[in-house]
Amino acid sequence: MRARGWGRLPRRLLLLLVLCVQATRPMGYFELQLSALRNVNGELLSGACCDGDGRTTRAGGCGRDECDTYVRVCLKEYQAKVTPTGPCSYGYGATPVLGGNSFYLPPAGAAGDRARARSRTGGHQDPGLVVIPFQFAWPRSFTLIVEAWDWDNDTTPDEELLIERVSHAGMINPEDRWKSLHFSGHVAHLELQIRVRCDENYYSATCNKFCRPRNDFFGHYTCDQYGNKACMDGWMGKECKEAVCKQGCNLLHGGCTVPGECRCSYGWQGKFCDECVPYPGCVHGSCVEPWHCDCETNWGGLLCDKDLNYCGSHHPCVNGGTCINAEPDQYLCACPDGYLGKNCERAEHACASNPCANGGSCHEVPSGFECHCPSGWNGPTCALDIDECASNPCAAGGTCVDQVDGFECICPEQWVGATCQLDANECEGKPCLNAFSCKNLIGGYYCDCLPGWKGINCQININDCHGQCQHGGTCKDLVNGYQCVCPRGFGGRHCELEYDKCASSPCRRGGICEDLVDGFRCHCPRGLSGLHCEVDMDLCEPSPCLNGARCYNLEGDYYCACPEDFGGKNCSVPRDTCPGGACRVIDGCGFEAGSRARGVAPSGICGPHGHCVSLPGGNFSCICDSGFTGTYCHENIDDCMGQPCRNGGTCIDEVDSFRCFCPSGWEGELCDINPNDCLPDPCHSRGRCYDLVNDFYCACDDGWKGKTCHSREFQCDAYTCSNGGTCYDSGDTFRCACPPGWKGSTCTIAKNSSCVPNPCVNGGTCVGSGDSFSCICRDGWEGRTCTHNTNDCNPLPCYNGGICVDGVNWFRCECAPGFAGPDCRINIDECQSSPCAYGATCVDEINGYRCSCPPGRSGPRCQEVVIFTRPCWSRGMSFPHGSSWMEDCNSCRCLDGHRDCSKVWCGWKPCLLSGQPSDPSAQCPPGQQCQEKAVGQCLQPPCENWGECTAEEPLPPSTPCQPRSSHLDNNCARLTLRFNRDQVPQGTTVGAICSGIRALPATRAAAHDRLLLLLCDRASSGASAVEVAVSFSPARDLPDSSLIQSTAHAIVAAITQRGNSSLLLAVTEVKVETVVMGGSSTGLLVPVLCSVFSVLWLACVVICVWWTRKRRKERERSRLPRDESANNQWAPLNPIRNPIERPGGSGLGTGGHKDILYQCKNFTPPPRRAGEALPGPAGHGAGGEDEEDEELSRGDGDSPEAEKFISHKFTKDPSCSLGRPARWAPGPKVDNRAVRSTKDVRRAGRE
């Protein structure tokens, strides 16, 4: 035994050693990388040479041997006035000998990572890198002292080997980038880089947040970039130690230690731990609670093993005896005549009682009797009908019906015959409806369908409407075709032609579109502008918010962040903390604990820096600790308000105090002390030293020159001026020309700090450190430049679906309806006001109550008297008037025999792929079958056990409104739900999410008059998003998109309220799309231009036809001879206009024509006298010409028969008359004597 105990001891010590090593692991590292050191003269800080005080150069430098330089680093707490002595409280380090008087090292990069890795393993690290580990929360402020030393193997005291000492007090945050520091000391110039990095598995600005991924007994999680724990699949809880059990497992009676299990508690059993274990030895009983034995019918006793119906279970009496149950497990037999015995087994006159049934003959035998049975019967008393169906005589699946001395086969439709052995000709009944022909098959038939039809009997019209109609057109399915009914403004076979430029709804966010000839115009609502109303106007200038609320611009709207005491759109309505007195049990500083823990639990509403004091009316007040203020004591009082730091010092606000970070050249609590740079003697006793700000000046003795009086020849050397300054030797002194950004006698003072302009936002304080900066953020902000608001709502502090409002260093819980309290932990008891009347019982529910009415009363408050009405029947069940029930996802109510149900399409029923056929939940309705879900429908595994009941045809009506499509119109809205995958329950599918949305009361309320369709699918924008397409059916008479918009927003409002649904609690963002983006109209350019050109071409044709007809009429008129006028004014023009008398006319000689032309030229028409009449027929006076002119003035409206005649009136000299056209008119107005034919005219011309 002793040997065994000593054997265990080394292992225990080894375990303790491992734990100690683990406990001493650092939280982070301070890293310093030396880049360069320049000691031009090879001197020590005392002025002596490194290896003796002999000077060999003419300039006075040390030339016999160079220094063996190495560096020591001391890291300690922040000191306003740096003291080089004292312990290095944060750590220290040193380098090996790096070089001589001056040397350069490679720049810092991955060297720190490599050195840190080698330092852990004990390997060699980069010589110029110093790594100081720390095992405490990094305070961000520090003091760094860097010393350069000369290595000497002799016994020279250390202080005499110091080359240079520089110091830096500042702030630095953990990050990967390096910060550069430059120091110009009395003797040497140093360049180095520093940074702080957290060790692996440590996070935050102080490296004290530990998170190491693990998958063991203590947790199952990974770590994100901020050190937060992210549970692995199948695990939950703060430490991710709680396993997610099998879906359906009764957690009251079981649990699990491995994800997906369901391990039952003591006394429970079954797949889901929902079956109790009965009392041991229970024979004929069951249990409701563990270790009970509830007997079945006819059984009794402690173990239910006593037969209370022995006669019914054993039938002991024979020969027709009647069995009587006497006691448990006891019986008596009442024997018929002729039988005796306990069981009536002995016969005296066996056949006396006619024991043989069904015509059997009885014969007495020594043991009793025997029955000779007729055909078809069997048994001791011929009471058993011989089962002729036992041999399965019916073929082809026929059903056998046993009969007396025979059987009958009930055959399937495809078979006939006595035993269903003949194939029936199913085509005789003409089952095919829309087919070319019917073909009889063995056990069935086949229909050769016409084009456009399908199905077993060709009874299904193939839907040709899938995705045919564009721009929201309604597709009408035809036989082997389709027809698109286009909305207003569109046309074409597929509604692809846009007539109305507003039909595509180009105006966004509620803008009203006006169609113009060359485009459209959007009339934007208040707060919007732009061509498509896409530009937000600043609705917060001036601010509409009252009572000090802050205004935020939203998309087309604004939001007022109201204080606690006010609400409403503009924060103008005072809030009532306890409306209606319903929350009288609520304490302003906490909540009332349950019966098991009496008292009031604190809510933490005042945060870690305040004490809550309850006030009347459920209000509270926060008494803040010193240094804090605000409603929730969340604001740290700014102690830097009065700018206490002097000389450009940076003030850092702390709790009830402040700290000054001084620039180079100043120190002290308020940066009001200029350290003496003349200590120790930088002039090496060769001159007088004068102290400056962050510098010094040496007035050298005769014979010495230089900044430190180190040379006898030159005032300038390569390092007299710092930071790239140029040195000019002026004989007795020197002058430095500093580069941009630096000033001072030797260019040691920076003009522009790295904090100008201030890169830190949200009240952060910038602390410059060389060429970089660090931001000290106010409480509630974090990040390199204080841009990230710390999430005060993580972990979730609000219970029961309350929404956490994250502020700056505070949070507030906005409770779901029915809950109240600082953290929404209290369920408001709506039954406190006794709302139920007439003796009804009030049952408190979440955000409401339910009244259990006495007989004869109904209604929400039992205020209605029940009147005899007709019940409603649904699925074989009767429901009384006024009652409500659920049918799938719809709610129904009975109104005097009429079922009033919501119209929501409930989708496909889930089914268990691995379920037994006897399980009702795993079976599909008739005509449907359980199929696996489509790939990608699982939102949170495992989902492989569940499928969907799918029919041959899709259940929802055909609609173009589908998820993952760009279709939006007056009857289509699209919702995009984003989920926090860590909060989604295991086994959740897209179908389960869709079913949950369909079951919302807001969804059922919207589906009152039309069928509401909600179709879901995974969104293409992300793995944790689901798209929901919302539409109505039918949608033919929808005037606008108001119905679909109100429905979509009602569903979104119900989702954001969340309630107690664990699935809706995981929703982090909801996006609503109800307006189609304005599309390009270039596709309509060609049809529009064609239409314009067609109109222009038609107009040209009409004008050409009109012009041609006009010219034709003018030519016809020019061919007609004109009548003589009263004064012969047309005579001179007659040879020109009369075609009959033109040169070369028919029948006219050349000479005759000249004479006529000569006479016409010398003819002067006399003036017409009043009342002179032309020669005409008797009885015609001056009125004849007027009548003729009147006839001429009628134009072409007279009878066309007048065109058949040519009327001429001649003067005395007919050769000079000018023909005028005359119109034919009936009556005496026509002078037939003046009418001549063309032949007469030609004859007259020859004469």
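Indices start at 1 and increase along the chain as displayed.
Cβ from N, Cα, C; glycine included.
Remember, it's a predicted structure, so these values are computed and weren't measured experimentally.
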Cysteine of CYS411, CYS427 paired with CYS420 via disulfide, per Swiss-Prot: CYS411
Candidate in CYS432, CYS438 joined to CYS427 through a disulfide, as Swiss-Prot lists it: CYS438
Member of CYS624, CYS645 annotated by Swiss-Prot as disulfide partner of CYS633: CYS624
Neighbour tally for ASN570 (N-linked glycosylation site), based on other Cβ positions within 10 Å of its Cβ: 17
Summary of DSSP states over the domain 'EGF-like 8' (498-534), given as helix, strand and coil counts: 0 helix, 11 strand, 26 coil
Per DSSP, three-state class assigned to ASN570 (N-linked glycosylation site): coil
